[in-house]
Every structure is written in structure tokens, then in C-alpha cells.
Amino acid sequence: MTVMRGLLNGGRYGNRYIWTAISLRHPEVMEGNGLESAVMQWRRMLSNAGGAEAQVKEQKEEKKDAMVSNYWGISRPKITREDGSEWPWNCFMPWETYRSDLSIDLKKHHVPRTFMDKFAYRTVKILRVPTDIFFQRRYGCRAMMLETVAAVPGMVGGMLLHLKSLRKLEQSGGWIKALLEEAENERMHLMTMVELVQPKWYERLLVLAVQGVFFNSFFVLYVLSPKLAHRIVGYLEEEAIHSYTEYLKDIDSGAIKNIPAPAIAIDYWRLPKDATLKDVITVVRADEAHHRDVNHFASDVQVQGKELRDAPAPVGYH
């Protein structure tokens with residue numbers, strides 16, 4: 001009766017009182033009263049479940065991260081820099097970093113002689129006009145838009161060569177990897193520029209529009225004429241070199257402040273810890289010169305009636 005009164009009173013006496021009352025009973029009485037035992041077990045289960053849920057919630061709030069299942073055995077190994085400090089990036093690993101070849105010739109130019117070359121050259125010059133009008137000398141925003149476009153051709157070319165390799169059951173000569181490396185490198189340029197520029201909402205909207213139009217246009221172009229597509233990209237890279245050279249002139253003149261380099265750029269290009277914006281733009285420009293050479297070379301190979309797999313791919317630069 002003491003136990004029943006405790007339950008009816010809504011636990012007014014608390015669990016301690018109830019358990020004390022039960023402990024005073026004769027063992028035979030406890031064994032014979034299955035209802036009381038069931039009620040107590042039920043209350044204990046509710047209490048334990050609530051505590052476990054609270055603990056999990058607490059852990060989630062402390063970590064401020066989604067709970068990840070260990071069932072699949074996927075985990076990030078501990079990765080460190082050369083100095084032993086923890087590697088902070090998930091988007092690229094230490095073995096994917098490199099030092100740009102700053103000795104590359106920035107003045108190389110493919111002189112347009114054939115109709116295809118002239119068409120590619122004029123197309124790029126026409127595309128530059130609205131860019132000059134919209135961005136003028138805001139080279140940070142200009143570079144962001146440029147890298148949004150420049151990261152597309154490598155991905156499109158690599159994807160189509162990948163499908164061709166599967167379809168024809170033949171090797172690509174390393175060109176799939178080379179073009180995808182180019183696309184990833186251009187994407188890292190963009191990620192760096194976003195750290196520097198912090199684009200406004202209308203610039204982000206412009207990026208969406210440009211990417212949608214350019215990706216589909218370049219996809220169709222590459223299907224119809226890969227050699228023309230690579231020639232256009234070669235001339236686009238020449239324009240990129242010019243834009244970054246003007247960017248550096250404004251930094252040298254003081255028109256643009258030579259701020260410290262973003263951490264992501266220091267790690268990706270293996271720059272010194274005291275690197276500045278000028279150092280970042282210098283290595284990015286060197287990358288663009290390399291992409292210029294690769295795409296003009298790819299176009300030359302196909303102009304000669306050969307396939308890309310017949311020529312060695314420049315794999316491993318980045």
C-alpha cells in the first residue's frame with residue numbers, strides 16, 4: 001500500500017522513498033508482486049533513456065557537428081605539415097601542393113594564321129569587351145569572374161575524353177588527368193580570390209549566369225571541334241596573363257593594397273608565411289601561362305590530324 005500511495009501521489013515522496021519501502025518488504029512479497037516490479041523497471045528505463053538522449057544532445061552541441069557513422073570505416077587520417085603542425089584543409093592535401101614555375105615565359109603568343117585561329121582570337125577579344133566595361137580596374141572581382149570561366153574547359157574536356165576512353169575502350173594518353181588537374185588548379189585560384197574579394201550578391205548572381213551559359217556553350221563546342229575549343233582556351237589564358245600583369249602593376253603603384261596572402265594560398269603554393277597579395281598573383285599568373293601552353297599545344301596536336309593520346313600529356317605539373 002505504501003508503494004501504491006507513492007505512485008498515486010505522482011512520485012511526491014521520490015524514488016528514494018519508494019525503493020526504501022520496497023526494500024523493507026519480504027523477498028517473497030516482492031517476488032509475488034509482479035505489477036510493482038514492472039512499474040519500477042518502466043520508470044527506470046524512462047529515466048535512463050532520457051539521460052542518454054540528453055548526453056548525446058550535449059555531445060552534439062559541444063562538437064557543433066553532425067554525428068558521423070563509423071560503420072563504413074571512413075575516417076580522415078592525421079595529416080601534418082612539414083613543421084609538424086596539423087593540416088587544416090580538407091579540399092587539398094600536402095602532397096597536392098606545389099611551387100609554381102616562375103621562370104615560365106609570359107610573353108609567348110600564338111600568332112593567328114588560319115581561319116580557325118583568327119576566329120578563336122577574335123571571339124576572345126569580343127568577350128573581353130563587356131568584362132572591361134563592367135569591372136574596369138577592379139582586378140580582384142575581375143579575377144574572380146575570370147577564374148569562374150577558366151575552371152570550366154578543363155572539366156568539360158576531361159569529362160568528354162573520359163567518356164571517349166570508355167566508349168572506344170582505349171587509353172587517353174594521360175590527357176584526362178592533365179585536363180582535370182587544370183580544372184582543379186583553376187578552381188583553387190577561384191577559392192583564393194573569394195578569400196580576397198568577398199563578392200557581393202549581384203556578382204554571385206553574375207557568376208551563376210556566366211557559368212550556366214559558358215559551360216553549355218563550351219560543351220557543344222568541344223563535341224564539335226576540340227581543336228577550336230583548346231585554341232580558344234589558349235587565347236583566354238593569354239588574356240588572363242595580361243589581366244594579372246595589370247593587377248600586379250596596380251599593387252606596385254599602391255592603387256591596390258598589398259595585403260597578407262590568405263592561409264589557403266600559402267599552403268597550396270608553398271609560399272613563405274609572410275607572403276603577400278603580390279606573391280599570390282605572381283604564382284597564379286605563372287599557372288595561367290602553363291595552361292596557355294598546354295591548350296595551344298593540344299590544339300596544335302589536333303590541327304596536325306593526330307589525337308591527344310598520341311602526344312605526351314603534361315601530367316604532374318600541379
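Glycine is no exception: its Cβ is also placed from the backbone N, Cα and C atoms.
Since we're looking at a predicted model, the values are computed, not measured.
Cross-referencing E82, E288 with the Fe cation 1 binding residues that Swiss-Prot gives (E147, E186, H189) picks out E288. Fe cation 2 binds E186, E288, H291 as Swiss-Prot records it, and from the list E86, E96, E237 the residue named for this site is E237.
For the transmembrane segment (143-163), the residues of the chain that approach it from at least six positions outside its boundaries are 131, 135, 172, 175-187, 189-190, 193-194, 197, 199, 203, 206-207, 210-211, 214-215, 218-219, 222-223, 226, 229-230, 233, 236-237, 240, 243-244, 247, 284, 288, 291, 295, 308, judged by C-beta separation under 8 angstroms. The record gives E186, E237, E288, H291 for Fe cation 2. Within 8 Å of the mean position of their Cβ atoms, the other Cβ atoms in that chain belong to A150, E182, N185, V233, L236, A240, D287, A289, H290, R292, N295.
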